[in-house]
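Feature annotations, reproduced from Swiss-Prot:
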ACT_SITE  Glu346  active site, proton donor
ACT_SITE  His377  active site
ACT_SITE  Lys505  active site
Amino acid sequence: MLFCDDSKKYLKEQNINLKNEFDKDDKRVEKFSLKHQNIYFDYSKNLINDYILKSLLESAEKSSLKDKIKQMFNGAKINSTEHRAVLHTALRDLSSTPLIVDGQDIRQEVTKEKQRVKELVEKVVSGRWRGFSGKKITDIVNIGIGGSDLGPKMVVRALQPYHCTDLKVHFVSNVDADSLLQALHVVDPETTLFIIASKSFSTEETLLNSISAREWLLDHYEDEKAVANHFVAISSKLDKVKEFGIDLEHCYKMWDWVGGRYSLWSSIGMSIAFAIGYDNFEKLLAGAYSVDKHFKETEFSKNIPVIMALLASYYSCTYNSQSQALLPYDERLCYFVDYLQQADMESNGKSVNIAGETVNYQTGVVLWGGVGTNGQHAFHQLLHQGNIFIPVDFIAIATSHHNYDNHQQALLANCFAQSQALMFGQSYDMVYNELLKSGLNETQAKELAAHKVIPGNRPSTTILLDELSPYSLGVLIALYEHKIFVQGVLWDINSYDQWGVELGKKLGKNILKAMNDDSSDEYQNLDDSTRQLIAKVKNK
């Protein structure tokens, strides 16, 4: 059964008024909220009632979702266009049951690789790993892009209060040299260890940054042997790693069944472990594993990722929602939106179904947002008074790591107030009467009132964590990962390929050749606009 069929459009005719729904049902919050571990999921401020939720759940039951969940966890090749399993969940699976992929028990492989990463982290932290000159390592520079950067960077920042190793961790991703130079300006070549995170060891941005970092190191040492003491790699291309000068003993595995945007649980998370210690890294994995079990074993009506996906898909199909705002009310989650943008938009930004047929319904949305309370002084105006339908996810942390309780209370009060304002708004009469009470005369009040009306009845979900710990962050990330998967199933698309990014890469290589040789075929085949842009650059 296709989720985005015409029947969903009739649900909109329920004409949900959130204020009325709360007034007439004192059990609404109890009915439309869930709890998992230390996370409370309140979806009571969404445009649903019992009938709508029942209809959405029935659609999920009639879909292939149950089978797809089993297939994913059992190692079926649900990434159909690349003929790959999707098993980032295996990286955090604490069970010992064999899991066979292409004739091999990957559980044993994962356990072995985790141990290798743990040993490296402990070796560097303890000082047993030394730089070429014999000095202890003080700085880690992770060179990667996309999933090899966004996930680890987000986690390292989010868990800053858990940093316990005295190692400073830096991230370099953009091909713009400024990204690399920001790191190189603050590190010492004699005490820096670089991580090259690239499955193919040929990603343009990562390779160029790595080559420049290598040159920077050798400018100091003037000895090729120094590379082995200052570089490790995470890649599946051993020949290229060896050619770079990295000891293969210090090359860590990337498997085809782990997509880049779901790779922070793998050796790609090495930079996380360098910051928070391997024990805390394991707690991050354990939190995600608890959600995997919840997702696999919980009926849909109480399954948080399923409810998240049903709501988002419902708004997309029925309200033509093209946008989703994500508002974490915690500065430590300042990179969380960037991370989820890739996870969500690269996964579900598709226009053909699994069979390769063009779909006639909307799939992925633009995910955007920023930390509170900053957003209140920037883009919240659009959320409250704009005429675009934008569902909102609020993320809040009940207790903080610091002792500034007045700050934390103000932060939470603002978060809850924003969700309440989106729900209730304020009518013309309310505004008009308030303006009269403030001292304006009737004419002045009438002139201003229309500009201060806030429609309200705008949907939001609030996710409240007891604390932001390695375990709870693992829970939060995994909830969104599985939400993305469920949406892909409901829309009948492949959430685990990303062919849309390939054309730009290919054209970029052609244009680079054209910029260096205007007699080349690549230059001759350019459009006039691109030729002019190249000419403008060359004339500067």
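From the backbone N, Cα and C atoms, a Cβ is placed for every residue, glycine too.
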Study note, to complete from the structure: Rounded Cα distance, in Å, between the residue listed as 'active site, proton donor' and Lys505 (active site) is 15
Point to revise | Cα-Cα distance linking His377 (active site) and Lys505 (active site), given in Å to the nearest integer | key: 37
Practice item. Could you check what DSSP calls Glu346 (active site, proton donor) once collapsed to helix, strand or coil? Key: helix
Exercise for review: Just jot down the residues in the same chain as His377 (active site), at least 6 apart in sequence, with C-beta under 8 A of its C-beta; none if empty.
Suggested key: none
Review point. Which residue, of the active-site residues Glu346, Lys505, has its CB surrounded by the fewest other CB atoms within 10 A?
Key: Lys505
